[in-house]
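Just below is one structure, and these are the notes that go with it.
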Amino acid sequence: MSIVSFCSSLPAGPHGFKHGRGTRDMVHMPCIVRRTARSPAQACRLLRWNKYHCAAVPTNSSLSPSPTPLDVEIELDLEPFLIKYKSGRIERLGRFGDRTDYVEASLDPATEVTSRDAITDTGVPVRIYLPKVDDSPPNSLRVLVYFHGGAFLVEDSASPPYHNYLNNLASKANILIVSVNYRLAPEYPLPVAYDDCMEALNWVNKHSDGTGQEDWINKHGDFDHLFISGDSAGGNITHNIAMSTDAPKNIEGIALVHPYFFGKVALETELQDPTNLLLHRKLWSFITPESEGLDDPRVNPLGPTAPSLEKIKCKRAVVFVAGEDFHSERGRKYSEKLKSEFKGEVPLLCNHDGVGHVYHLSVDATEEEIESAAAWKMMTDLLKFYKDNDVVLEGSIVESLKAKTTEGIKKMKEIEKGMSERMMEQLVAFYNGKPVPYSS
């Protein structure tokens, strides 16, 4: 089926990226000759349109004026994160928002949270979020070190979803947040991300005596209440740092949000999603070439060689699980193991039914973003059924399908917004040492 028959009207947008510890020039992807698409993502790339409106791809994905066959032949497909071509070229797809529209650190008028960027003593970039303090006593803000998600391959501390989310969290929890911009695979395979995050955490903790590099942390940070947290890959990082003997001894609590765990033997819920199952079977070895496999304790804390979770020395722990998330069953099993082995207070499990992986990062989607997401889902569904290149879909059929899909996504966004508010309520309670509602 020619993809042009039903998505030629989709929005065009600029393409560019920022990753790791630097910025590449943003460029427009050269026009590519229309040809038959084998997948929705390929269709989007051919028509200068990404999964999310104006989502960016890296500069090194742009074809040279005279591309060789190896520039377009796929070696490894890790959609929705990236694609590696036989030439070695990496094409990042980006998961949320406009990859060219990174948010500058600044005062956020809506939350009155101020942010600024800094570099640690070992060269790791971080972004610091300071809630409105007014006449607050010195060192009265609890401290959270946050690790963003993105499969260790994409995202950034300046990505709009993370910047907006952390502004909101800093304001509602009245907590000082340091978001770590760790280096990404495959350019920097694991354990580089673990090392960067550990270095950043220890750098933050050096401010506990008031003589650190950043005056905001020196003046306002309460290091009797130090927390670490992250979502997806960041949840994995949180677990691995908490297990390490190099972690500070004064961590009060950890919060794992939809943590990225996997294993050699697929769980029942994972077998029900063959697309994600195949993706994750390829992912770990790509980001960790030196790994011993999918039962590596760093990705499978439930595996046969995984150490006891009693190594986690903090006082409190909470795990968040999304009911429709591919990783949900492992998150629950991790929580069960934590309850049997953790030596601190009884760990909490917060289960959110009916929502998917890191849903809380996209609850404020614009009408344009909803339409783009609907178009993507529509393409995914259609390509499952139409394999013949000669099939042409009439515009009226396409518009009807798109309208139904858009309405469905709008309803889902309403559910996600309600669950996101519940998650925020639970996190605020956890960080402030209060009973966490709706937890088990």
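Residue numbers in this text run from 1 along the chain shown.
Every residue, even glycine, has its Cβ placed from backbone N, Cα and C.
Sequence annotations record features per position, and here Swiss-Prot assigns transit peptide to 1-58.
For Ser232, the entry in Swiss-Prot reads active site, acyl-ester intermediate, with the evidence type similarity to another entry. The DSSP secondary structure for Ser232 (active site, acyl-ester intermediate) is coil. For Ser232 (active site, acyl-ester intermediate), the same-chain residues 6+ apart in sequence whose C-beta sits under 8 angstroms from its C-beta are Gly149, Gly150, Ala151, Val257, His258, Pro259, Tyr260, His327, His357, Val358.
Look at Swiss-Prot and you will find Asp325 (among others) tagged as active site, charge relay system. In the structure as shown, the Cβ atom of Asp325 (active site, charge relay system) sits within 10 Å of 23 other Cβ atoms. Following the DSSP three-state reduction, the secondary structure of Asp325 (active site, charge relay system) is coil.
Within 10 Å of the Cβ of His357 (active site, charge relay system) there are 19 other Cβ atoms, across all protein chains. Annotated active site, charge relay system per Swiss-Prot: His357 (among others), in sequence order, evidence recorded as similarity to another entry.
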